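So the structure is just underneath, and the comments pick up after that.
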């Protein structure tokens, strides 16, 4: 009796429980979300990658290529304990400073870090390739980011600050235009004015700093330096003037020497002309004396010849006398000698 009484009651309770579970639907039947093994990196905890071995992925929520590698990156992170590596990700929209520190220009971007030494991974974001990159230590053949390119350098820290400021300005612009509904051109005017005011303020700060650290020279030192400069300028001017005077003197001496040489040449030519004229005046008198002496020497010989020779006929012409021939030859010789002397002098 008892069993028959409780049987329908238990059946009704079970049916009610099943109906309640069916009405609760997927909310009660849903499984808890699976924990992600990828660690989000921010500007406050990024220094963790300076120790140990890490793989970082830079992505954006709107990037299709980044979404395609999400599952592969999650699988790679699950096996991080086996590979003895930590896996992280950086949202460039939320962390623009980190994207500037690593100088990310394309998405997705992957980086490998080993004890503070960073390298860029340029392979595909597939689990097998990522696993082989770590197990086979292919990262050793990749050139590290050293010097100013290193994310830990002072240069990249400044780049991170610039990217952070640009990200804040972008968020502020979206707040003005989207949340408050202000026109875009009003937002641009606001940023232009803010930039001008900030530039003027920074210029004023620099002027004040320079005035504070500027050490003026004493007055007597400045006067001495001015006097020294003037003395140097005067000395240079005197040197230039002396050089010009020496140049003028040398030119005058050269001109005088050339004039003296010309006058000497003219005097020599005049003396030569006078000597030639004297020779020409003396030559006729000498010629007459020579003719007279020749005639006196040849007079006795002519008488002897006339006595021994028969008298010539009147019809036959008289032969020229030797004296005449010798006189003619002497005149010819003198003329030739005169012409020869005039030739070199000319």
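Cβ from N, Cα, C; glycine included.
Just so it is clear, the model here is predicted, and its values are computed rather than measured.
Annotated in TrEMBL:
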- 224-239: compositional bias 'Basic and acidic residues' (COMPBIAS)
- 241-283: compositional bias 'Acidic residues' (COMPBIAS)
- 306-316: compositional bias 'Acidic residues' (COMPBIAS)
- 330-346: compositional bias 'Basic and acidic residues' (COMPBIAS)
- 51-134: domain 'Thioredoxin' (DOMAIN)
- 224-346: region 'Disordered' (REGION)
- 1-21: signal peptide (SIGNAL)
- 188-215: transmembrane segment (TRANSMEM)
Helix, strand, coil residue numbers for the compositional bias 'Basic and acidic residues' (224-239) per DSSP?
16 helix, 0 strand, 0 coil
DSSP puts the residues of the domain 'Thioredoxin' (51-134) at 32 helix, 24 strand, 28 coil
